[in-house]
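*Asks:* What TrEMBL shows for this protein is this:
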type: ACT_SITE; residues: 258; note: active site, nucleophile
type: BINDING; residues: 33, 38, 89, 124, 153, 261, 326; note: NAD(+) binding site
type: BINDING; residues: 150, 151, 152, 153, 202, 247, 248, 249, 250, 251, 255, 319; note: substrate binding site
type: DOMAIN; residues: 312-409; note: domain 'UDP-glucose/GDP-mannose dehydrogenase C-terminal'
Ligand SMILES: NC(=O)C1=CN([C@@H]2O[C@H](COP(=O)(O)OP(=O)(O)OC[C@H]3O[C@@H](n4cnc5c(N)ncnc54)[C@H](O)[C@@H]3O)[C@@H](O)[C@H]2O)C=CC1
Ligand SMILES: O=C(O)[C@H]1O[C@H](OP(=O)(O)OP(=O)(O)OC[C@H]2O[C@@H](n3ccc(=O)[nH]c3=O)[C@H](O)[C@@H]2O)[C@H](O)[C@@H](O)[C@@H]1O
């Protein structure tokens, strides 16, 4: 495997992880961004996002001279053999992916790319984008490769360096092989395919994950109505290797910067070719309903009306382990609660700045002070070890709505609190049975 000169455009969750990890694999990487403050910070070795291991890799790369940060894509590409596009592709008004950033980088660097450079699209983009980028570039000597990224926020470095698979798509075999070779040290299964199929893999995977979660959230609701326990139900399902145990945790609905936008984008693309995709639409609709179910539980917990009720929120980020608030279900639930007149106080270990209409506190017990109910929205581990007796003393009401089944129900019981989980309505009898069996 040869060391390559690589440009990475966009230094967000994906770009910075890609740049730092490729440098750690021995390549020489120049990362570019339009954000001047971010570039200045990164040059000083400061990583502005919560990602375990990333700051260390950036520091190592800078110290070894293998990693560099520059302002603007044009300053990154002059001697690059490969250029990665890691810019945002947010949801547009019609649900479609907005490709403005991708197109603007292509316009900026098109003529500057060295002869024979390979453009690699790592941003999540609709099928046909590699072809579109190719025609915008209008450079027969430059191949465009689709190389979707599957990392998760909060474990970005670990996911990048230990991928389940690498997908590389290009209509030119040699360019696909050149990109696949960049990852050779990782020893991951590699799928080489055409560009359209690689682009489709990313949407098909993310939408499948969203579908799995909507399914499990619907099963949880049914468990509540029928008197079953979703914790045991998903455990029983997860041992089946065809189903797998991961991505079976019910919650307040799935969110984050990608699953929501990618499900809408695939739905929009399907519509654009006249394909009716009710399964995907139901996945999206079930998720919207999930947020209303949380609000309904909180309303019941405060006696039927949220007007003037004080509600404490534990967690604001879209999942634990990240500081990312983009499309967080917790914020969606907060909006709905506020619309119905609730007064909100929130604590999240990853969030320090204030939010409009939600008072953000830095001490979790402040969330409990005077609260008529508390809602746990994000599964931060530290929430499990709160002093529930202290919470009971501080609260005006007595109910904790645990939208992730994250807390120790017995500990809350002992403190005189009422725990309301998701998909759990029966007695804890099955836990006892499992102990005997194991
Ligand atoms: N966040 C995630 O976990 C994953 C994201 N993706 C995809 O990767 C892409 C990037 O996502 P994130 O890294 O989360 O975005 P981000 O918003 O964290 O970072 C994007 C960066 O690109 C920069 N940028 C925007 N326009 C630019 C331009 N013209 N030139 C140079 N830099 C520019 C921004 O300033 C920002 O720093 C998206 O398409 C997303 O769907 C794929 C897999 C995982
Ligand atoms: O394209 C992307 O950006 C990425 O989107 C997701 O990664 P991420 O957004 O970091 O978050 P996930 O860990 O997938 O969680 C998504 C949402 O589902 C929820 N979730 C996840 C798992 C689960 O069992 N239950 C559950 O409710 C989380 O709380 C969160 O709101 C995918 O998992 C990544 O493979 C993909 O690369």
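Along the chain as shown, residues are numbered 1 onward.
Including glycine, each Cβ sits where the backbone N, Cα and C put it.
A quick note: this is a predicted structure, and the numbers were derived from the prediction, not measured.
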*Asks:* Give the mean pLDDT for the domain 'UDP-glucose/GDP-mannose dehydrogenase C-terminal' (312-409) on the 0 to 100 scale.
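*Replies:* Mean model confidence (pLDDT) across the domain 'UDP-glucose/GDP-mannose dehydrogenase C-terminal' (312-409) is 96.
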*Asks:* How many neighbouring Cβ atoms, not counting its own, are there within 10 Å of the Cβ of residue 153 (NAD(+) binding site)?
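*Replies:* So the number of other Cβ atoms within 10 Å of residue 153 (NAD(+) binding site) is 23.
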*Asks:* Between the binding-site residues 38, 152, 202, 261, 326, where is the Cβ count within 10 Å the lowest?
*Replies:* 152
*Asks:* Could you tell me which of the binding-site residues 38, 152, 326 have their C-beta within a distance under 6 angstroms of some atom of ligand 2?
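*Replies:* Once distances to ligand 2 are taken from each Cβ, 152 fall under 6 Å.
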*Asks:* When the Cβ positions of the recorded positions 33, 153, 202, 258, 261, 326 are compared with the atoms of ligand 1, which fall under 6 Å?
*Replies:* 33, 153, 258
*Asks:* How far is it from residue 248 (substrate binding site) to residue 33 (NAD(+) binding site), counting Cα to Cα, in Å?
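*Replies:* About 36 Å separate the Cα atoms of these two residues.
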*Asks:* Give the distance between the Cα atoms of residue 152 (substrate binding site) and residue 124 (NAD(+) binding site), rounded to the nearest whole Å.
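*Replies:* Between the alpha carbons of residue 152 (substrate binding site) and residue 124 (NAD(+) binding site) there are 13 Å.
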*Asks:* Going by DSSP, how much of the domain 'UDP-glucose/GDP-mannose dehydrogenase C-terminal' (312-409) is helix, how much is strand and how much is coil, in residues?
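*Replies:* Summed over the domain 'UDP-glucose/GDP-mannose dehydrogenase C-terminal' (312-409), the classes give 29 helix, 20 strand, 49 coil.
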*Asks:* In Å, rounded, how far does the Cα of residue 255 (substrate binding site) sit from the Cα of residue 326 (NAD(+) binding site)?
*Replies:* 8
*Asks:* State, in Å as a whole number, the widest CA to CA span among the NAD(+)-binding residues 33, 38, 89, 124, 153, 261, 326 given in the record.
*Replies:* 24
